[in-house]
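Contents: one structure, followed by commentary.
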């Protein structure tokens, strides 16, 4: 039986299609977004020209920071031609915004970008040990460059030339409703080549996703239940799958339950994280009883999968602003709502610098657990451990983008996690599993830092990561809830599309994380893992490509680690993939 098409079809039948739209006041199916003539159906809100503010800001910057006025010529970044033009309502919201990538070489480069971004209230999209992506309007580019040292002025390239057009093209298209029979299917069930994953052919709004989750839970009630971790600021349920052999019985006779929690959608605009959690959930649910590996994992562990920890923000990205990041709660500034749900957790909460500004993208709230959803989820987790005989042993927090696997701590590089070696070992295994899927490379490092590489030579010590901060879910689950294996996975891509990842990446990214979850579970099983042929369960995006043996990658890793040791000793060796950590 082709389960997913049936589930999706029923979910769609019982869900008014109008609710899947980008406008709560003018409900239409998303296809209405796709033509210029229907541009009125696109997300709209009152919009005021920023020109006066831009001129005032530029004047202040020019006076205080002595930016030469001749630098204020309009940016010459050109937009690529497109046969489908973004309508006026999208242009009104995103204007002439672009995304620039800066190559960083030193800690001073990072500090300069942080300070300039805070001054100009810019949106930092992503950062790694080699680059930083920043969103800004074209006419702000000269102001930014004027605040940066000479080393950075020539170190930037446009990643997205026309953000408004990119946003427009990221919404579901009419063609996406026609399934492609050649698309990949569930990694946990070997269906026929004609199987079609309708649900994963495109991103889904909450109004479609929630009925789909309910239907899936009702069809597999022997090992699945739908639970609420609390309610959001606007009153929506924070819904999750609980998967296990006895999820409906909190007083089970089998003793304490080891539980793994996988979350997505903390930042509303990171749609790929939401789809990926759903993909992994579907694979686990439908694989039980058919896949030996999945059956073993569900019998040994309980799994809690939360597609979106930020349902209000997620809905807002569909109805109003595709690039909204925070939740939607009110704060002291009515015109700057929202709290960054990955900066508001209680452990080492930090409300200084830009995190104290309600208009900042990383506003941490007025205090620890100032974000409603983070507070509710933490209360649920505490209650599970204290009253429901649950021990959380694993935490995977999915984000985008930049293809990284990060482990604690995020708040500081000065304190080393007591289980560092185990965290590193499993992180390397996860990266290896992802690489076996489709040769995509995910870097591994501490969440607080990276290392700078130039060419083939190691250049200097590890750097503090630009995005590192206190109050992260990663640190709270690891330190306060004592989850031994806690990670943040930053999914595809490495910046070509950023948060606007095309729908064609949904299934490949889902497969990568599915294989990562297999590796995660295999590692936690320990001595019991050899009883299952894990290689038989691994999937690749290209079925014609044979799966490389796990030991092949292990041998490569050993070789690279040996090379890095030589590099540390005499500075001559080169390592392409090395885990660098700061141990003091």
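Heads up, the Cβ atoms here are built off N, Cα and C, so glycines get one too.
Residue 267 (Zn(2+) binding site) has a Cβ environment of 26 other Cβ atoms inside 10 Å. Under the heading Zn(2+) binding site, Swiss-Prot lists 267, 270, 399, citing sequence analysis as support.
Residue environment of residue 336 (disulfide bond) contains 14 other Cβ atoms, counted within 10 Å of its Cβ in all protein chains. In the three-state DSSP classification, residue 336 (disulfide bond) falls within coil. Look at Swiss-Prot and you will find 336-359 tagged as disulfide bond, backed by similarity to another entry.
The feature N-linked glycosylation site is assigned by Swiss-Prot to 383 (among others). In the three-state DSSP scheme, residue 383 (N-linked glycosylation site) falls into the helix class.
The N-linked glycosylation site annotation in Swiss-Prot covers 389 (among others).
Swiss-Prot lists 1-20 with the feature signal peptide.
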In three-state DSSP terms, the structure that residue 399 (Zn(2+) binding site) belongs to: strand
Cβ-Cβ distance under 8 Å to residue 399 (Zn(2+) binding site), same chain, at least six residues away: 266, 267, 270, 273, 342, 488, 489, 490, 491
Neighbouring C-beta atoms (10 Å sphere around the C-beta of residue 359 (disulfide bond)): 13
Cβ-centroid neighbours of Zn(2+) site 267, 270, 399, 8 Å, sequence order: 264, 265, 266, 268, 269, 273, 325, 342, 398, 400, 499
C-alpha spacing of residue 359 (disulfide bond) relative to residue 383 (N-linked glycosylation site), in angstrom: 33
Length of the line joining the Cα atoms of residue 359 (disulfide bond) and residue 389 (N-linked glycosylation site), in Å: 41
